[in-house]
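Student: Provided herewith is a single structure, encoded as structure tokens, for subsequent inquiry.
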Amino acid sequence: MQKRAIYPGTFDPITNGHLDIVTRATQMFDHVILAIAASPGKKPMFTLDERVALAQKATAHLGNVEVVGFSDLMANFARDRQANILIRGLRAVADFEYEMQLAHMNRHLMPQLESVFLMPSKEWSFISSSLVKEVARHQGDVTHFLPDNVHQALMDKLK
């Protein structure tokens, strides 16, 4: 049986920290679905279609990654995609408390859905899409934190 995992997030935009997690997940699972949440309540900078396109290009070198947008409840999305593993990145203790709540709710909604927590490599442990966007808005250099295509798209958005 194929191990299908979902790595969900808003990915507004996808960072090298996200790529670190998804790359490592591809070594653990047969198929990884990078599930980009519509998240209209977060008021993303990039549209869902833009985020999907940016992530597709950034992960094109990974043969077992599928990038899709979604707006459904995560448990329902996982069931529809026949995935029973949910990948989540943990940067700090504060992340764990929130992620634990999500994991328990997802397990309540879909008992066979296991949450797997991955810590990013040390190099990426402090970055988030929000932080990268904030630094970029103030003309800080965020080149190191983003795939090239994403960096260019962010610079274009901020013009």
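Going from the start of the chain as shown, residues are counted 1 onward.
Glycine residues also receive a Cβ, built from the backbone N, Cα and C atoms like all the rest.
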Student: Taking Swiss-Prot at its word that Thr10, Phe11, His18, Gly89, Leu90, Arg91, Trp124, Ser125, Phe126, Ile127, Ser128, Ser129, Ser130 bind ATP, choose the one of Glu97, Glu99 listed for that site.
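Tutor: Of Glu97, Glu99, Glu99 joins Thr10, Phe11, His18, Gly89, Leu90, Arg91, Trp124, Ser125, Phe126, Ile127, Ser128, Ser129, Ser130 in the ATP site that Swiss-Prot records.
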Student: To see if you understand the setup: which same-chain residues, six or more apart in sequence, place their Cβ under 8 Å from that of Lys42 (substrate binding site)?
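Tutor: The answer is Thr10, Asp12.
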Student: What same-chain residues, at least 6 away in sequence, bring their CB to under 8 Å of the CB of Leu90 (ATP binding site)?
Tutor: Phe96, Glu99, Phe117, Leu118, Met119
Student: Determine, to the nearest whole angstrom, how far the Cα atom of Arg88 (substrate binding site) is from the Cα atom of Ser125 (ATP binding site).
Tutor: 13
